[in-house]
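Data block below; observations after.
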Amino acid sequence: MRVGCPKEIKNHEYRVGLTPGSVREYVAHGHEVLVETGAGAGIGADDNAYRAAGAQIAKTAEEVFTRSDMIVKVKEPQPKEWAQLREGQILYTYLHLAPDPEQTKGLLASGVTAVAYETVTDERGGLPLLAPMSEVAGRLAIQAGATALQKAYGGRGVLLGGVPGVLPGKVAVIGGGVVGLHAARMAAGLGADVSIIDRSIPRLRQLDDLFAGRVHTRYSTVEALEEECFSADLIIGAVLIPGAAAPKLVSREMLSGMKKGAVLVDVAIDQGGCFETSHATTHADPTYEVDGIIHYCVANMPGAVPVTSAHALNNATLQYGLALADRGLKALADEPHLRNGLNVHRGRITSRPVAEALGYEMTEAKSALAA
Ligand SMILES: NC(=O)C1=CN([C@@H]2O[C@H](COP(=O)(O)OP(=O)(O)OC[C@H]3O[C@@H](n4cnc5c(N)ncnc54)[C@H](O)[C@@H]3O)[C@@H](O)[C@H]2O)C=CC1
Ligand SMILES: CC(=O)C(=O)O
Ligand SMILES: [Mg+2]
């Protein structure tokens, strides 16, 4: 198969779908790899590093899209990109379709076979291709939130760790999955007073064991959310219902009960966000204010630390990507966890949460592949 890797074009996105190390693995499996010139610049990998790994260098993205059987990316295709996809081609990347009707229309019209990193599953019920970026985003959420809390950035002027004689800042983490765990770890490490709110009691038990009393855990009810949000300096939105639009857990009305200058970091923004007042922002202009509350809603947070993120992402995507390149659609037919990643195939939606969120008919992935 010819595997293509274009340069990412989303705002301040510096990750790359294939590192030179991954290219070597695809080439060792007998595949040709075509990488757009400059695709690895953000991680310090120049065209020569890709050539040394066995890739050919394409002068343009158009050449990559036209000549490749499978496209490996990081972020969801942008309008210019989805127009270049075609039937018979596999797209392997993050998609986040549930809150994105325009992209969904574009992918359906193209006929492409689109495998979303964020809905591939593993045997332990996890999301192995989302997890590494959730680890990064969870950790970054505290850095971003701590910065936004500084007065000059519009925040209330609280140092998360406090100092001897002055109480630390309060952090409420809504959703105690991968993002929530890593955010809580960083916040606790800084010395903040941290609460994690989740609706899974088994998960709250695990977190309680893990942090050994260092963070508080709370079951997710409206009352608990209000109490935690009204007393917090920094609130991290980290809930997920896999593949679906994020539930809106914090209403606009609730903002009036919060401390002026408190900061909301909505990591779940890539699935539409879990605060009613969230809208996606970019690294170029990451925050805005609503009713005195600072919002940070960057949908590609890991793009800010591409050296760490691109390698962590490639570690996770490589084995599934090789399965797709080696066996094409047969890999999807044979492997249920990889098949859970299939969101769109030849003009049909094959993900139930996406179909439900956007009002499409859903075709079971197995029957779509067999058709
Ligand atoms: N903005 C960005 O750059 C990035 C965003 N993300 C996003 O962050 C979000 C979280 O991802 P993960 O932590 O990997 O998911 P996860 O599945 O590991 O954790 C989600 C948690 O939310 C909990 N939850 C669901 N409904 C809830 C409710 N009503 N109240 C409280 N808790 C609830 C679940 O029980 C689970 O523990 C996803 O939308 C993901 O796509 C991830 C990486 C980067
Ligand atoms: C998960 C995601 O949206 C990202 O890494 O950008
Ligand atoms: Mg998006």
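Placed from the backbone N, Cα and C atoms, the Cβ positions cover glycine too.
Those TrEMBL annotations? Automatic predictions, nothing curated.
Among the candidates SER68, SER110, SER134, SER367, the residue that TrEMBL names alongside ASP198, ARG203, SER220, VAL239, LEU240, VAL267, ALA268, ILE269, ASP270, VAL298, ALA299, ASN300, MET301 for the NAD(+) site is SER134. Per-residue confidence over the domain 'Alanine dehydrogenase/pyridine nucleotide transhydrogenase N-terminal' (4-137) averages out at a pLDDT of 97. A straight line from the CA of VAL298 (NAD(+) binding site) to the CA of LYS75 (substrate binding site) spans 13 Å. VAL298 (NAD(+) binding site) falls within a strand segment according to DSSP. Around the Cβ of VAL298 (NAD(+) binding site), the number of neighbouring Cβ atoms within 10 Å comes to 27.
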